[in-house]
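To start, the structure itself, in structure tokens.
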Amino acid sequence: MSVVEEPLYPIAVLIDELKNDDIQLRLNSIRKLSTIARALGEERTRRELIPFLGENNDDDDEVLLAMAEELGVFVPFVGGVEHAHVLLPPLETLCTVEETCVRDKAVESLCRIGSQMRESDLVEYFIPLVKRLAAGEWFTARVSSCGLFHIAYPSAPEMSKTELRSIYNQLCQDDMPMVRRSAASSLGKFAATVEYAHLKADVMTIFEDLTKDDQDSVRLLAVEGCASLGKLLEPQDCVAHVLPVIVNFSQDKSWRVRYMVANQLYELCEAVGPEPTRMELVPAYVRLLRDNEAEVRIAAAGKVTKFCRILNSDLAIQHILPCVKELSTDSSQHVRSALASVIMGMAPVLGKDATIEQLLPIFLSLLKDEFPDVRLNIISKLDQVNQVIGIDLLSQSLLPAIVELAEDRHWRVRLAIIEYIPLLASQLGVGFFDDKLGALCMQWLQDKVHSIREAAANNLKRLAEEFGPEWAMQHIIPQVLEMISNSHYLYRMTVLHAISLLAPVMGSEITCSKLLPVVITASKDRVPNIKFNVAKVLESIFPIVDQSVVEKTIRPSLVELSEDPDVDVRFFSNHALQAIDHVMMSS
């Protein structure tokens, strides 16, 4: 009896849990669908589980979303691709619910299943499903159908293909803006599956209708379609059909449409080729750079370097550079920040003379910007300018801005500049660094903010790696070790942290002669925090030094600390002693 009843158990439990008042129980049971399907076997999953799920579609959105996701990976549990079509009905129902994220997930799962289905099954089951959804009385079904055409179309017979193109055209003219938006959003994917002759005739007609839609939310999705259609069309067709649309869109009355154009323009330039770009798209881009909406200027400013790379340097200097000068003093700090993050890339495009003459003054004005992000964006990309104009010119203008940022009242700004110091050091060279930036690096070790002190210690390690142990021995180690006598224990802890980072870079000899004695002296400190940090440092540096040094110096110090009255000091010193013993035993 129990052998007969056992397979019934999982479906019975599922039904009970899916009817439970507790949403978490219902969610858990949906997430266990694959386990239940394995227990039931392929045939019973097809016969009992899938129909039950198809009926259970009036649950909370969270449960329906989980169901839509699970069904997308259910093909192996129903017997493979030959039975994949049984999964379509429950997903078709989920495509009609009101909640957008459930519908989107159902469409995604249908696409995943459809891409695995056999051609005959697509014709028999999938294409009729798309047609039913597209003819749905409620707009949600029609919205969902738009995302399925690119799966249905390639396998359709010729008659069905004509019908599918006609249905898609009707969806693009639907009374509901939400349906037209969905059609506009999916047009690129659908167009990629359509034959070239029909692409030019039917799809371009659909596209032109969408670009004239009275809803800006539809038009801005049509802008996205411009780039994908541009890549599908031959260059001459792209110039004839897509280019005029983009030029018009760059002057659209809705700023959101113009924003999308500013974001997509670079991709379009690639699609139409260099000549139409110079003739048509440069004026459109200049308009966007001078747009009266800050969001549009931000999007356009962020693409300025990419756009200049398509043009020759003369065109960039003539048309784009005047706009860049205006943007560098823009009233919106976000526009200036977007420009600062990419402007450095213009230097290689313009060449040395134009960079020195035209770009350098703009860099300098941005380096003096009152908004820290603008200054940081410039400093983080300095290598691109350095390659073009050389370090001498750059360093004269750069240093005041670095010093200002290094002492900025916002600690996050100071932190960001510390992280760029090793990059600057490698670009500026050791001579410039010693003269100008060395003192700053030491100053940060005594910052009031812990994160700055920690970053400053890491910075010293990276500088020692960049310039070598000899340089570090001369310029870093003496100043760091001096600070161990600071009256504030937090600064003494920073020195210990710096020593633990510098020791592996400096090597065994310098560690034993210079660093270790300072650490041993600190083990006598009156503050417990210092003493347990000494134990941590000794644990980190003992693998670097000789075994004789460990036995003569490190172990006795740790033994002494292990008898300290403070519990944390005892814990960390014992931990270090165990680590030493473990290494000694294994070696």
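Each Cβ is built from the backbone N, Cα and C atoms, and glycine gets one as well.
Residues annotated as repeat 'HEAT' in TrEMBL: 10-48, 164-202, 203-241, 242-280, 281-319, 320-358, 359-397, 398-436, 437-475, 476-514, 515-553, 554-587.
Summarised as a single figure, the pLDDT of the repeat 'HEAT' (554-587) averages 87. Below 8 angstroms of C-beta separation, residues 402-403, 406, 411, 414-415, 418-419, 421-422, 424-426, 428, 430, 483, 486, 490-491, 494-495, 497-498, 501-502, 505-507, 510, 514 of the same chain, each at least six residues beyond the ends of the repeat 'HEAT' (437-475), sit close to that stretch. Counting same-chain residues at least six beyond the ends of the repeat 'HEAT' (164-202), those with a Cβ under 8 angstroms from any Cβ of the stretch are 127, 130-131, 134-135, 139, 142-147, 149-150, 152-154, 156, 209-210, 213, 215, 217-218, 221-222, 224-225, 227-229, 232-233, 237, 241. Under 8 Å from some Cβ of the repeat 'HEAT' (203-241) lie the Cβ atoms of residues 165, 168-169, 172-173, 177, 180-181, 183-185, 187-192, 194, 248-249, 252-254, 256-257, 259-261, 264, 267-268, 270-273, 276, all in the same chain and six or more residues away from its ends.
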